[in-house]
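For reference, the structure discussed in these notes is given below.
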Amino acid sequence: SSDMKKKQAVSEEPAEVGPEMFLTILAAEGENEAPTKAKRSKTEDAGEKEEVVYHPVKLSRNDLYRPPTADELNQLKETESLFHCSLLKMQMEELLKEVTLSERRKGQIDSFIQTVTNLLQTVPESLDLSWLSGAVKVPFLLLPKTTKGKFRMVPPASVDVIGSYPLGTCTKPNVMVDLAVTIPASVLQAKDAINQRYPRKRALYLAGLAEHLSRSSDIGTMRYSCLHGNRLRPVLLVCPPDKDSSFTIRVHACPPPGYFKPSRFHPQRNNIRTEWYTGLQTSQTETNEPPTPHYNSSLLGDLLLRAHLQFLSAVSSQCPAFAGGVALLKVWLRQRELDQGTGCFNGFLASMLLAYLLMTHRISNTMTAYQLLRNSLNFLASTDLTNNGVSLAKNPDSTPSLADFHDAFQVVFIDPSGHLNMCADMTACTYKQLQREASVSMQFWDDPTVDGFYSLLMTPKPMIRTSDHIFQLCELVKFQSSCKKLNLLSELMDHSGNYIQTALPFILSLLQRGLGQRIHLLTHSLSPDPEWSVESEAPKYKDQPPLSFGLLLNPELAASVLERGPPADSPKAAEFRQLWGPRSELRRFQDGAITEAVLWEGEHMCQKRLVPKQIITHLLTVTLTAITVVDGFLTAVMQIITHTGEEESLVVVQAYDDLSRKLWALEDLPLSITAVQGAHPALRYTQVFPPVPLKLDYSFFEREKISRSLVPKEGKPCPAYITPVTVICHMEGSGKWPHDRLAIRHIRAAFHIRLGALLKKHHNYTCRPCPTHLDVCKDGLVFRIQVAYHREPQVLRESLSPEGLLVLRDNEEAQALEMATIHKPLLTSTLHGLQQQHQCFGAVCRLAKRWLAAQLFSDDVTEDAADLLVASLFLQPAPFTAPGSPQVGFLRFLHLLSSFDWRNNPLIVNLNSQLTAADYTEIKNGFMASRESLPVMFIATPKDHKLSLWTKRSPSVQMLQRVVLVAAESLKVLERQLMDGSQTQDIRVVMRPPLDAYDVVIHLNPKQVPLLGQAVDPPVVNFSRGTSGGSVRPSGGVLPVIDYNPVSIYLAELREAFGDLALFFCDPLGGTVITVLWKPKAFVKAPFKTSQVSARSVEVTGEEAKTFPNIEAILQDFRIMGKDLVKSVEAKTEKWFDATV
């Protein structure tokens, strides 16, 4: 085989590539002329595998320098104009391959279509309705019960494939193929358009088809549904007999083309008579009857099915990328839950939108699918169809005017006939939501720092994670009384008795008025298309999921407790009083104005956040009717992270600011202070339970003899935990600073003594200087001041080599000092600034960290790392907007933890927008190059591109997997709880860790757990911890024991003694258990060594002695080490027994 010549593979057509085109073609997937693989003979394959040899394609000089073709020039221009999006373009092309139907699937569909068509054409003729006595029911709600007309069952006039399948715009996963069955003219009558005669005949005809198909073994399951929730347009869903088929045929019944005159369905005309609908005699003539535009558009939709297909076929044949553009738009809509349900923006509307843009020359026929999507979103973002409708009609003079349509419908998009509004069922709120989604998409599309493809087309945006607040209306049957109260009889007739869709626009309008400037957007869930068995009666209108509403808040005004109305003498005052009822009252303001006003309850920030809930409840229960409002506001959130966290943090920040000013003003210091920086989570509003000013109960304590500190009396519970708030005080550089590390520490200790003396002298603060810090008691809080010298980390890195040379070596001590004196203060000030921009940032951090602590992960995902994770949600929220409530922020935090690809991507947190697109690229490239040596959870910031300082030590791979798993499960439970009004809402469910996964559980004595009151499930009666109520003294007093938490001390001792054998976990916020997980490697028997027999048993076999852990003794050690703190030690598994036998 070695003698055989390798043939070079050369493409049939020579490539027309100049040197300047090389990069362009590589970027745009045009590599069919790329270097090709050499072919190998079978003998070579059979023998030993040889290395693959690549040969460059040889081009003649003429080929090499031939001018670029028109296609290549277009490609070059496109790549140049899209630049950072060239990858996005290729990703979209790959996505299109995923969602389009394969040839094999098309073959299956065509075969089944032929089967169904043949069966439909053999429907037996029947002059009566005797066939209805069988199991198959008619898919129609008969309201009123009877109407005039005759019906007989005859075979269809024709059966045609319509919709997305023949257009080539049908996409996976939910493949739906539409089949139009034409009802013969002999079944219909000229006046069938009025009083639901045609829709009822249509439903009867569908039932006849279902009854006939049910007898065939070639048909699988059959169900009824409604086209986009419209009960006047039932459809028959037919599945193939094989269970693994992934497509459904949707059978529509429609009248013969041109059977009804389109002019009969003018939006101002009436086709449902009041007398027939109400059953009451009226004196109204036809001209006085109210118009029925929604009913009219339902019938027109059936009449124009084929015309729409012909129109779209003609348009799409001119534009090669039309099907791809529609497919991408459908994926975009599906991810935003806008493509299904009543009043949705479905695939048909997406196709019509692209056709409109092509007809009006806003896009050209030569554009790619990528460009079609971009231009469609740009049009949606910039065009308000609620005020300025658009029309596809070429001769608008002979059809109703746009003004007529705007009078009848909220959103207007006219079809090519000029008679049908294709957005008839869409509410203005749904279109505004569509507009906003398009606008947000366009904003991050052009941002090179955002993964546009993933955000645009791959990230689901369920309402629960998109809206800041969610609430639901559960008892939908009460909408009937709302219709009566609002006097909506004519609208109810128009919607054929669908009281939910009748009342919805009025409820939305009422909420919009009441919430006003507090919200950016009001959205509502789209009622899903009902589906039911062909053997069941049509479901009632109330038999559908609760109606959900979402609010996108305006953070500046949402929490305002005062609703200021018009002046008392203004004509609008009566309108204001009518809206707010007894809540409205006259008030005089400081500027002298006397106006109507409404004052809502809300003392603390957590109560103020619920003002929108108060408004909604008032409007819907008082103004409208007694509808049950189930809020998804997670009111229990605030009970878990304390009622007044924001206010408590503010007290700490104000006390710190005052201390900072007093430190700056100190004189008589050998060196001046250059910076005072906070380095504690409470100073950035992210401490779960901020320190609270404490007033001590002196009867609880006695004086310790040496330091004269307060210690609890014998037998008393552990005293309240006093948190020291860390403050870094930088002193100026000077030649007098020594260069010896020990001498620097002595100088710092002297500064602590000096600062303490000055603060005591000038402000009477009680101070306790230590070598490492100075504790200052001020306003009932304790501040821990640490003096820092900027060159100390450098001195710690310096050492002398044996040759006497100065060597710089990085070490953990220097890194820890830098972290404490440089990185943490900088992070604290940056995140403090973020809290000023986004009011709920701190609350989201506190909630996220409470969850991490409760699930025993707080040692793996540290406080600083958790704050950065939450910061990323606010700084790069795409495809969402920044969270506007703690609830949605927490849900997105859980989603980020559970769905982010930690293995292959760094999480880049662009604090203060300091990172450029080039920095992003540099960070990602550096990350991929050194992935194996980097932390498993990699967080990059503007000051930390390469190391991920905040996650360097933890979490480990195993712990991150556990965090991801628990976060995903917590998210699932929470979302289910919030969206199901029947469930009791208790967020504590996701805060209770499963203890079954651990080997040993150490139960602690609650009396000695100082933070017991912060537990997820706090005890009803807590212990007295040496504090009393009342106002605290701003200065003076005796210092208690600071930073004393026996649980954390015991945990540290356990890790030091047994860290090589086990992992230890605890909830630092009031947890009363410490859980233990044995390390698998700990039970491997090791050769006997005298230096390694601690907590081990010896086993001798022959001449070989081996040791293994003595678990019983270790468990006894747990009890001894935690004497008085440990209540009991529970061994939940006996892994060690199997391992040591």
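Every residue gets a Cβ built from N, Cα and C, even glycine.
Note that the structure is predicted; figures quoted are calculated from it, not measured.
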Of the residue ranges 26-50, 526-550, the one that TrEMBL records as region 'Disordered': 26-50
Tally of DSSP helical, extended and coil residues in the domain 'Nrap protein' (995-1129): 40 helix, 37 strand, 58 coil
Selected stretch (most C-beta pairs under 8 A with the domain 'Nrap protein' (838-993)) from 177-317, 321-459, 466-622: 466-622
Of 177-317, 321-459, 466-622, 642-836, whichever stretch has the most CB pairs under 8 A to the domain 'Nrap protein' (995-1129): 642-836
The domain 'Nrap protein' (177-317): DSSP-derived helix, strand, coil residue counts: 57 helix, 29 strand, 55 coil
DSSP helix/strand/coil residue counts for the domain 'Nrap protein' (321-459): 76 helix, 5 strand, 58 coil
For the domain 'Nrap protein' (177-317), mean pLDDT (0 to 100): 89
